[in-house]
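Scroll down for the structure; my scribbles are underneath it.
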Amino acid sequence: MTGARNRQGPRAIKKHSKKQRNRPKKRTGGGQQAARVAAPASVPADQLETTADASPAAEAPRPAPATTAQPAQQQAKPAQPNKPAQQAKPAPQAKPAQQIKPAPASKPAKNKPATGTSGGGQSRPAALAASAPGGGAAAGREFSFIALFVETCDSFLDALRNSPARLLLWVMAVYGALWFAATISFPAMPFDSYEMFLFGKEMQWGYWKHPPLEPWLTEIAYQLTFHWIGSHFVLAIASILVTFYFIWLIGIETVGKTGAVLAIALTILIYYFGPPVTMYSHNVGQLPIFAATVYIYRKAVLDNRIGNWALFGVAAALLMYSKYSGALLLAVLGLHLLLMPQGRRALATRGPYLAVLVGTALLLPNLIWLVQNDFLPFTFAFDRPPVEGVFAKLFAGLKFLGSQVGYHAGMIVIVLLAMIPKLPLQGEPVTLELEQPKTFDKSLVLMAAFLPLLMIGAMTAYAGVDQRPEIGGSLVALSGLAMVMLLPQKLVLRAPRLVTTIWLLVLIGLPIGHVAFNYAKASGSGQVPTQMWPARELSNAMQSIWNGKSFRRFDIVTGDFKQAGFVALYASPRPSVFIDGDFRKSPWITPERLKASGTLVLWSTADFPRTDEIPEPYRKALEGLTPTLGTLVLPLGHGKSQTYGWAVMLPPEPGR
């Protein structure tokens, strides 16, 4: 009996194993004991481990090769009638012969577990999870993160194709919220912001650097919000969002909704739509007017309605009130009007002439101011170090154009990456269907995007000046749309997930990085950024000095833009600024006003080292006033400080 039981061992093991897979709760110790006893007698030494794998008691199950089960079945056949009934019941379903035959000896079952199946072809997820419980959980978390990331990229691309308007709202909301949060996170304001408040207080028809529109809007917003300085930042972010809106309006009529949103997405990658948007400058203020002027011009020419032409005249005037570089766009539009047949037909109507009349009438006050002030802003535009020699002048022009290409590098790189195959995070190629723009529209956008910058480069080379590259910041509103028009109509993105990842990092990471960079710079060994300057503390100190020396109202502060601007913005009431002690730069200051009110003079020792005398550039304008001199050391934080010289200049007492 013992010998018979030993001979039945392999078959009993195999059938018992099959039964336990079907009904894991019922376990019989006899089958396990038979496996332990019979294995050394009936199985060769090199197959001992494989045969034991069929036992449910094995710690790491491994499927047994069919060659070990085949002889066991032949030996066990005579003993089948002696098996218990409950062991015979599963026989019709299990069909041992059919399960054993498909497992030939030439295909070892030890290769199957790598695919997640047992030797019999059945799935083993529980065994796989149990083999490394800790690692499986970590892998699950990693897979979930990757899946979420991939789903985000795919959802973004799907929205770009199927619901671009909704995607645009999301992009504008995120962009506006992040950059507004970045602007209000600093204790002070950027340099140009002080300039806007300084000029805006005077409400002139013109200023020595630029036209008056942005200072006007700064002062109006400041007064309407009950002297909230943050209104300046609202103007900055709103200007960019309005620019996006007009790009959308032009885009949906030329390249379709998908192309319009793609143009805005590319525009965000241009440098001028990054850190510069934290201040409402003339560059930022002109961007929406630039885009609006092109849009209205297009409507006026194609529809040829008298109302649109009048509106174009208004837009042209606002463009010039914003920044005089807008004249370059008007020149380009005039050229486009002459080149296009639609434009030549429009010249035969009253519309273009009405636009000229309306624009000139609105611009007349500023033109009169320019004549009265010897066209001072144009002198400032070319008040740069001269360049001598033909090659040096040519290099200056190319240098300006090269800087503009550099400011567009983010947009250019992302387009190239999208079309290069076999990159990390590539994803499946995505095809975007863009509408084909008409000749009128394509020529209009390309000319408006590129010609003004080329004209500045040419004028820089001709005049022989080392022009500031930032002067082109107000002329790039349509660069993204121009790039879209240069792309093929059927655009295949070969690395969609990669470019989406980079774009999202720029959208979200750049505002955060800008804030972190300025805080790190303030704590480093370099110069403290204007946004981190203790301007309010300086203003309070100067007010205390004035009030301690005079009973007069604090009416005028004399100094450069930066230092005097610090004091004027945070003082109450806000004084006027006598810029550089120059009556031409500050026509609101007169000698009579100076003699009646006196002035506080402030200068940094970084500009004028001595604090025991009035700086030489200010002396002539301040003749006749009695000075009281002093020194102030302003802590800047992180062990830094700035020394100032100051002077309270008062008119002589009557009778002296």
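Cβ coordinates come from backbone N, Cα and C, glycine included.
Fair warning: this is a prediction, and the values are worked out from it, not measured in the lab.
The annotation region 'Disordered' is assigned in TrEMBL to 1-133. Annotated compositional bias 'Basic residues' per TrEMBL: 12-28, in sequence order. Sequence annotations record features per position, and here TrEMBL assigns compositional bias 'Low complexity' to 34-45, 54-114. What TrEMBL lists as transmembrane segment is 167-189, 226-248, 255-274, 309-339, 351-371, 405-423, 444-465, 471-488, 500-520. Per TrEMBL, domain 'Glycosyltransferase RgtA/B/C/D-like' is recorded for 209-369.
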Reported mean pLDDT - the domain 'Glycosyltransferase RgtA/B/C/D-like' (209-369): 97
Beyond the flanks of the transmembrane segment (405-423) by 6 or more, those residues with Cβ under 8 Å of it: 266-267, 269-272, 469, 472, 476, 479-480, 483, 487, 492-496, 498-499, 502-503, 506
Paired segments the transmembrane segment (167-189) and the transmembrane segment (500-520) in contact, 3+ CB pairs under 8 A: yes
The transmembrane segment (309-339) versus listed stretches 351-371, 444-465, 500-520: most Cβ pairs under 8 Å: 351-371
